[in-house]
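Enquirer: Pasting in a structure now, in structure tokens, and then I'll have a few things to ask.
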Amino acid sequence: MWYYEKKLQYPVRVGSCNPQLAKYLIEQYGGADGELSAALRYLNQRYTIPDKVVGLLTDIGTEEFAHLEMIATMVYKLTKDATPEQMKAAGLGAHYANHEHALYYENAAGSAWTATYIAAKGDPIADLYEDIAAEEKARATYQWIINLSDDPDLNDGLKYLREREIIHSQRFREAVEILKEERDRQIFF
Amino acid sequence: MFTQVKYYQPYNSPNDPCPPVRVKSYQTPPQLYIGFQPPNLQQFSPKQALYCGTLWPAFYSPYPDPDGRNDDK
Ligand SMILES: [Fe+2]
């Protein structure tokens with residue numbers, strides 16, 4: 001089970017009224033390499049991976065939900081007071097027609113989130129390599145969004161999230177090393 | 001010498017509905033360990049290489065593990 005702490009993992013500040021940034025940020029909310037995909041991918045893989053790395057998947061999967069919450073806060077701040085005209089000008093007219101100011105799990109191009117974004121192969125090495133690739137793709141996505149954004153306050157939060165992807169990738173690489181070790185061999189032979 | 005199969009004991013609850021598989025295995029094939037392929041590796045005969053799918057024994061990964069065991073056997 002989970003306990004909820006009613007605060008963000010890292011403070012989110014948005015400096016300027018720029019609803020168009022929300023359209024780009026939604027990629028990390030409901031996109032293939034976004035935080036929802038990450039959280040669900042890792043938490044789901046826990047059941048069929050050796051016990052030694054289950055805790056890591058739980059920890060990182062949980063942190064991804066904290067990141068999802070930060071992205072949601074950014075998107076909400078950028079769109080909550082936007083007029084229909086501003087939403088239209090930001091490329092969010094179609095989103096407004098369906099969802100008004102509600103958030104939705106979709107990517108920057110408006111495609112709804114799908115479970116086909118995540119993999120669960122059941123082979124521990126294949127799954128961890130998938131996770132490493134996912135972290136690098138999430139890191140790259142943050143880079144491209146930072147490049148599109150000229151809001152230093154928002155970028156501060158995005159740079160924090162980009163750094164967390166680097167640490168997650170490092171931990172998954174360490175998990176591969178653990179699974180490659182010959183530990184416990186004599187117990188079974 | 002590394003092994004291409006590792007074994008672990010997953011947790012089993014006394015209240016599990018099905019008979020437990022006490023030992024599970026997973027594959028750790030050779031490319032995980034070699035990095036850049038070193039020069040002058042030992043080679044199979046051409047005929048054996050065609051059969052195995054690789055010229056080099058160092059990269060050969062038989063499956064299922066011929067002298068290993070399956071889960072819970
Ligand atoms: Fe991550």
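Using N, Cα and C of the backbone, Cβ positions are placed for all residues, glycine too.
I grabbed these lines from TrEMBL:
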BINDING   A:E35, A:E64, A:H67, A:E135, A:H168  Mn(2+) binding site
BINDING   A:D59  Ca(2+) binding site
Enquirer: Which whole-number value in Å describes the distance between the Cα atoms of A:E135 (Mn(2+) binding site) and A:D59 (Ca(2+) binding site)?
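Expert: Taking the Cα atoms only, A:E135 (Mn(2+) binding site) lies 15 Å from A:D59 (Ca(2+) binding site).
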Enquirer: Work through the binding-site residues one by one (A:E35, A:D59, A:E64) and point out the residue whose CB has the fewest other CB atoms within 10 angstroms.
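Expert: It is A:D59 that, of the binding-site residues A:E35, A:D59, A:E64, has the fewest other Cβ atoms within 10 Å.
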Enquirer: Which binding-site residues of A:E35, A:D59, A:H67, A:E135, A:H168 contact ligand 1 in the sense of C-beta under 6 Å?
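Expert: Cβ < 6 Å from ligand 1, in sequence order: A:E135, A:H168.
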Enquirer: May I have the list of same-chain residues other than A:E35, A:E64, A:H67, A:E135, A:H168 whose Cβ is within 8 Å of the Cβ centroid of the recorded Mn(2+) site, in sequence order?
Expert: A:A38, A:A39, A:I60, A:E63, A:A138, A:L161, A:R164, A:E165
Enquirer: I need the CA-to-CA distance for the residue listed as 'Ca(2+) binding site' versus A:H168 (Mn(2+) binding site), whole Å please.
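Expert: The residue listed as 'Ca(2+) binding site' and A:H168 (Mn(2+) binding site) have their Cα atoms 10 Å apart.
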